[in-house]
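I have placed the structure first, in the form of structure tokens, so that the comments after it can refer back to it.
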Amino acid sequence: MKNVDNYRRGYFMPPVKSLKWAEKEYITTPPTWCSVDLRDGNQALVVPMSLEEKLEYYHMLLKIGFKEIEVGFPAASETEYAFLRTLIEQNLIPEDVTIQVLTQSRDHIIEKTFKALVGVKKAVVHLYNSTSVAQREQVFKMSREEIVEIAVSGARLLKKYAAETEGNFQFEYSPESFTGTEMEFALEICNQVLDVFEPTPENKVIINLPATVSLSMPHVYASQIEYMSEHLKYRDNVILSLHPHNDRGTAVADAELGLLAGGQRIEGTLFGNGERTGNVDIVTLALNLFSHGVDPGLNFASMLEITAKYEALTRMKVHDRQPYGGKLVFAAFSGSHQDAITKGIKWREEHECHYWNVPYLLIDPQDIGREYEGDVIRINSQSGKGGIAYMLEQHYALDLPAKMREAFGYKVKNVSDNLHKELMPEEIKDIFFKEYVNIENPIKFLNFHFLNHDDFQTTVTLEFKGEIQELSGEGDGRLDAISNALQARLGLSYSNLIYKEHALELGSKSQAVSYVGVTGPDGVIHWGCGIHTDIFTSSVKALISAINTMIKDSAAV
């Protein structure tokens, strides 16, 4: 590409690296989760949420289980201020939930922030100022010392107004644009702020290290976090928080490695909504933990409901391939994938396996409110016999013989290919019935009669080419007798009769279904299916359907 020489790495490695985080295999305990949907997420919407919409979103966050929720920047707008006052005055903050508010390091802004907090029982007050080289040089045109003074003076003001306001206030500080800041300077400014706050075991301070713009690979961010974690003053009384953005598409990886490196808290949003490419997706982070057997402490058991409400309130779209939340994240169109999933699910049922280990499915879709039938097995021109048969069995209790599955699979794939679309279960059933079930052309079955139960001699009444005919025959069994009568009198030739039957339990419990395959002179197996309240009548209808299919297929050649 052109202009590649215009770019360089804009991050700063820590002066020392221990890389202890790299020795850890996985995250063993969940972080403290702080939703910033109502501030970081909301400000990034084309149409920000109204107060009523924010209230509905807030209640959804509570239902999911968030215990820390950033509710806004009350000094930034009247809507943000009014929303905070509504939560406080209507007593909408549960005892075990802490709200968080954002403020810049300016006296009148901090004063208005605490005015908005009057009456709250507890809250996190989040102070931030930009520290990166680019911000210092281009935006603020200030030295390091001047940037430190902004942070320190803001910290002093927080302490002052907190002392004058009733309530329990926890302080948070963010060196905004941390990833573009020299690590020694980021450490210096955080430690000077901590000296003002003087954290204690009873009143810990949150130091939040945002990847305001993601500038590096995740392992670099992890090394930066580890350096800060190992060198911050008052470390036992500091909660180290992470706030990754997704500019390089690595926010989840940044967060996960950052947690291994000493992070204890995550600020993020549902489905990664946020400025530019978004914040880290808490849904993905939480359910990644879940997939490793670690309880994330958040409840996404009703994922479809959460997704629908998110889309309605934010007017954003959850991508079909968005991890865990997208419509197609569990969908298998590929034949080999469908076959493996179907066999894996059946294996679990037969073995009563405790641990989830189904091929191609990271977690059990049912754990987040999804279904195997509609969400996992999907049918298009790439689908295989296993997935197609699975749909018929799950939706309509039709358990096709193995070889019939293959033949029917080709028919379904051809239809999907010609229509250029995915096929729904009802469409698949319609194809099956049209091709195989109770076929009456050119031979229409009318009746049969056996002389007695022990002697397999039969008379079959049918309509063939517009004429009513009675055919007689005998054989080793009742279906064999009817088959022999048909072959002898109608001049038909086939062999290797395949037969399977079972009760049709879904919909009509009194009905039975039979499947019959016959091998024609061309060596091809032709299939038919019969459905009737009498099990033997269903088998006769299946046989005649198979013969009709053979005649039709032969005529088409």
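Cβ atoms here come from the backbone N, Cα and C positions, even for glycine.
Of the residues Asn3, Asn6, Asn279, Swiss-Prot puts just one in the Mg(2+) site with Asp40, His243, His245: Asn279.
Regional average pLDDT for the domain 'Pyruvate carboxyltransferase' (31-304) in the model is 97. Of the listed binding-site residues Asp40, His243, Asn279, the Cβ environment within 10 Å is emptiest of other Cβ atoms at Asp40. Secondary structure by DSSP for the region 'Regulatory domain' (439-557): 35 helix, 49 strand, 35 coil. Around His245 (Mg(2+) binding site), the C-beta neighbours below 8 angstroms that are at least 6 residues distant in the chain are Pro210, Ala211, Thr212, Val213, Ser214, Ala251, Gly274, Glu275, Arg276, Thr277, Gly278, Asn279, Val280.
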